[in-house]
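Notes for the one structure printed next.
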């Protein structure tokens, strides 16, 4: 459960990402594909090279989902319900892969916002991403 301080930190951190959220989403995906090659299996039809249009496009989708979650911190299950259905029933993404992407998102934010990404912000964003993962995997059962 996110505390009021966590919610403030998450909103502030995501506010820094702002209009470039898709770029950061793509950067995190690239990190994930490089660091955890097994995650590429969900994207056999994508050009996964650096800067590809497909990775950028999916980065925008990831960023939009996270923006929706930030805007609905008190009701993420409803805000992400359709996305949860998609990942559980159609795409069948391994729940572990959400944790891998979360790690890459944290690294991306830390690398791009070193002075703003304090230990407290890191902890809050980590809790937020874990909450998003829990919601996205809730329909796997």
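Keep in mind that glycine also has a Cβ here, set from the backbone N, Cα and C atoms.
Listed in Swiss-Prot:
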- 1-141: domain 'Globin' (DOMAIN)
- 58: O2 binding site (BINDING)
- 87: heme b binding site (BINDING)
DSSP residue counts for the domain 'Globin' (1-141), split into helix, strand and coil: 111 helix, 0 strand, 30 coil
Rounded distance in angstrom between the Cα atoms of the residue listed as 'O2 binding site' and residue 87 (heme b binding site): 14
